[in-house]
Every structure is written in structure tokens, then in C-alpha cells.
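Undergrad: As listed in Swiss-Prot for this protein:
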type     : residues                                : note
ACT_SITE : 104                                     : active site, nucleophile
ACT_SITE : 202                                     : active site, cysteine persulfide intermediate
BINDING  : 13, 14, 15, 16, 17, 18, 19, 20, 39, 128 : ATP binding site
DISULFID : 104-202                                 : disulfide bond
SITE     : 129                                     : site 'Interaction with tRNA'
SITE     : 362                                     : site 'Interaction with tRNA'
């Protein structure tokens with residue numbers, strides 16, 4: 001074996017899913033000493049129908065048995081609650097829409113889990129993420145690359161990883177398409193070969209999100225207004241809505257009036273009729289008002305500039321200013337933009353085309369081609385003509 005594939009002790013995060021299972025198998029096939037770790041990150045109501053880690057552990061243990069590796073059950077629930085869930089609640093209480101999976105990767109899977117693996121004498125860790133790591137021969141820096149399967153790429157969720165973390169990390173399935181991963185799992189007889197991909201936030205599972213959040217954040221009803229200031233109904237609490245949201249607004253059947261349609265025509269918004277869907281455009285925390293607009297192309301849903309804070313750069317320092325691409329939400333196509341300013345504290349992006357429903361609390365992640373440069377948490381954008389000239393969440 002060459003140095004890259006010489007035998008190493010590698011600890012794999014086995015989730016019970018097919019991606020981490022194939023990850024462990026591929027590394028074992030390369031001759032490495034592979035140890036599986038099942039991470040338990042949530043304990044509250046974990047025996048419920050929505051989110052049971054016990055079922056996932058049974059699947060992970062069955063995989064380990066087929067592959068022929070050891071598996072250990074490790075509880076990181078306290079770390080998760082302190083480092084991830086507490087921040088998740090603070091952000092929702094402030095009216096923003098956080099992405100806990102990004103923080104979970106940075107604080108749990110590639111910090112607490114990595115530390116545990118190193119105590120076991122591991123040289124590397126591996127997970128079933130669809131991303132790639134490459135060491136730049138010219139700079140010596142480790143680069144985070146998109147996964148080869150564009151429909152499964154998860155580099156967006158990994159953009160906060162640093163050089164120390166990437167230097168110890170392997171993403172074997174990032175070099176494959178999902179169909180290939182399923183085929184390998186079928187061929188070697190993995191018991192979870194056809195297991196459905198996990199969706200949503202692990203501690204919420206398949207339950208209604210609003211019901212879950214209401215266990216921790218009290219409802220605070222207030223008015224729902226359109227862009228003309230007309231009251232359309234009542235919301236249950238601003239924390240329970242996100243910018244761009246269309247479903248669950250409680251104003252189904254409300255039609256635009258003549259004055260509303262004339263206002264839409266005056267601002268050049270074409271094709272808006274009385275039955276067009278409504279979207280959340282602004283959350284005014286001071287007045288507890290939820291502002292909604294009609295039509296997907298409403299100006300209140302369009303932004304060409306954004307400011308992000310708490311930026312993290314994969315290389316350890318901010319990239320050079322200039323042309324690049326960015327995503328303001330997962331699964332969004334790369335959008336051409338210019339990095340106008342960048343520090344560890346924050347950055348400003350100017351987009352070539354208007355971006356839809358740029359949401360404070362979500363992450364803006366930057367790319368140069370297939371290389372993920374890092375990113376930050378969206379703080380504000382330049383949505384025009386909002387009431388009072390305030391930001392979309394304020």
C-alpha cells in the first residue's frame with residue numbers, strides 16, 4: 001500500500017444508515033483497522049415514534065456484524081444539548097431560523113466525536129457525508145470539496161470544519177454517487193441496504209415541527225398583515241415561522257383586494273391575481289407582526305446583498321475578495337456573487353441576480369468551483385421597501 005492507503009486505525013461514525021455502513025466497508029476493504037462508533041445525541045423522548053436511536057443502533061450493530069468490526073455506543077447527548085440545542089432555541093426565540101446540523105457537525109461529529117476517536121488511538125475518523133477532502137500540493141492546506149454526486153453534496157453542512165478537523169477526516173462515499181453506494185450495500189448483503197435516507201433534524205424526526213418547538217417556546221399570537229398593512233389574520237408566534245414560508249400561515253382563502261392588486265401592478269409585479277399564494281416576508285419582533293406578501297416574485301422576497309456574521313474559513317483565513325459563488329440554503333444552485341468584504345467576524349456578499357427569501361439564521365456558504373471556502377450565519381439582507389425601513393427580521 002502507498003502512504004495514503006497504509007493500514008491505519010480509523011474510527012467510523014456508524015449512524016445505522018447505508019452511507020456510513022458503506023463507508024466502514026470500503027475502509028475495511030482497504031485493509032484499515034476499522035472501529036465503529038454509534039453516537040447518541042438526543043435523549044428527550046428518544047423512545048417515541050418520531051426519533052428512536054435504539055432502532056438506529058440495532059441497525060448499526062447489524063452492519064458492524066456483517067462487516068466484521070467492533071462497535072461502541074457513545075452518549076454525546078449532554079454535549080449536544082449544551083453546544084447545539086441551546087443555541088438552536090436562542091436563535092428561534094430571536095426570530096431567526098438556525099441550521100442545527102451545521103453546528104452539530106462542527107461541535108459534535110467533528111469535535112466531541114473526533115476527540116473520543118483520538119483517545120481510542122485513531123489516526124483518522126470517517127463519516128458517511130457526501131463531500132471530499134483534498135490536500136493542496138502547492139499550499140499544503142486541506143480543501144473541502146463538494147461530493148461527486150451533486151444531488152447529495154453535503155459540503156454546505158460541513159463548511160465550518162477547520163484544517164485540524166479536515167486533516168483527520170475521510171469521506172469515502174463522497175467519491176461515489178448514491179446509486180453506487182446502494183449497489184455496494186446490496187452486493188455485500190448489508191441489512192440496511194434499502195433503508196430510507198434520514199431527513200430533517202435528528203432530534204425532531206418526522207413529527208410536526210411546530211408541535212416540537214412549542215414544547216420549548218411559548219406561543220405569542222399577533223397580527224398577520226399584508227404589504228398594504230391590511231390585517232389578514234392572527235399568527236401563533238413569530239418563532240414558528242420562517243421567511244419564504246407558504247404553508248401553515250392560517251390565511252388560506254384570503255384574497256387580494258383591488259387596492260392590493262393595484263399596488264402590485266404599480267411596483268411592476270406581473271401576473272399577481274387574487275388567488276396567488278401568500279409568503280412570509282418579514283417578522284417584526286418589536287410589534288409582534290408577521291408580514292406576508294402575495295406572489296413568489298414580490299420585491300420583499302428579493303435580495304441582492306447580504307451580510308453574514310460569525311464567519312468560518314476552511315483555510316484558516318478569509319479568501320481573497322472578488323468573484324465566486326454562494327448558497328444561502330441547502331440544495332440551492334450556486335449563485336454568482338462577489339465577496340465584497342471578509343473577516344473572521346463577518347462578510348458581505350453582492351449577488352449578480354436577486355436571491356429569494358434570504359433568511360437570517362441560515363448560512364451563506366461560499367465556493368470557488370468545487371471547493372468550499374467557508375461561510376457565515378446570515379444576519380441581514382438588502383430587501384427593499386420593508387415597512388419602517390427595518391430588516392426582514394428585527
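Using the three backbone atoms N, Cα and C, a Cβ is placed for every residue, glycine included.
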Undergrad: Here's one to test understanding: among the recorded positions 104, 129, 362, whose C-alpha is closest in space to the C-alpha of residue 17 (ATP binding site)?
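TA: Of the recorded positions 104, 129, 362, 129 has its Cα closest to that of residue 17 (ATP binding site).
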Undergrad: In terms of DSSP three-state secondary structure, what is the assignment for residue 129 (site 'Interaction with tRNA')?
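TA: Looking at the DSSP assignment, residue 129 (site 'Interaction with tRNA') belongs to neither helix nor strand, so coil.
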Undergrad: Taking the Cβ of residue 17 (ATP binding site) as centre, how many other Cβ atoms lie within 10 Å?
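TA: Cβ-Cβ neighbours of residue 17 (ATP binding site) within 10 Å number 19.
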Undergrad: How big is the Cα-to-Cα gap, in Å, between residue 19 (ATP binding site) and residue 362 (site 'Interaction with tRNA')?
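TA: Cα to Cα, residue 19 (ATP binding site) and residue 362 (site 'Interaction with tRNA') are separated by 25 Å.
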Undergrad: Using DSSP and collapsing to three states, where does residue 17 (ATP binding site) fall: helix, strand or coil?
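TA: It is coil.
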Undergrad: For residue 362 (site 'Interaction with tRNA'), list the number of other Cβ atoms lying within 10 Å of its Cβ atom.
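TA: There are 22 of them.
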Undergrad: Long-range neighbours only, meaning 6 or more apart in sequence with Cβ under 8 Å: which ones does residue 129 (site 'Interaction with tRNA') have?
TA: 19, 147, 154, 157, 158, 171, 173, 174
Undergrad: DSSP three-state call for residue 362 (site 'Interaction with tRNA'): helix, strand or coil?
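TA: Note: residue 362 (site 'Interaction with tRNA') is in a strand by DSSP.
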Undergrad: How many Å separate the two farthest-apart Cα atoms among the ATP-binding residues 13, 14, 15, 16, 17, 18, 19, 20, 39, 128?
TA: 15
Undergrad: Could you check what DSSP calls residue 104 (active site, nucleophile) once collapsed to helix, strand or coil?
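TA: In three-state terms, residue 104 (active site, nucleophile) counts as helix.
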Undergrad: Let me check the 10 A CB neighbour count of residue 13 (ATP binding site). How many other CB atoms are there?
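TA: Around the Cβ of residue 13 (ATP binding site), 24 other Cβ atoms lie within 10 Å.
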Undergrad: If one measures from the C-alpha of the residue listed as 'active site, nucleophile' to the C-alpha of residue 362 (site 'Interaction with tRNA'), what distance in angstrom results, rounded to a whole number?
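TA: Distance between the two Cα atoms comes out at 14 Å.
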Undergrad: Return the residues near residue 39 (ATP binding site) by Cβ distance under 8 Å, restricted to its own chain and a separation of at least 6 in sequence.
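TA: Listed in sequence order: 13, 15, 74, 76, 108, 109, 113.
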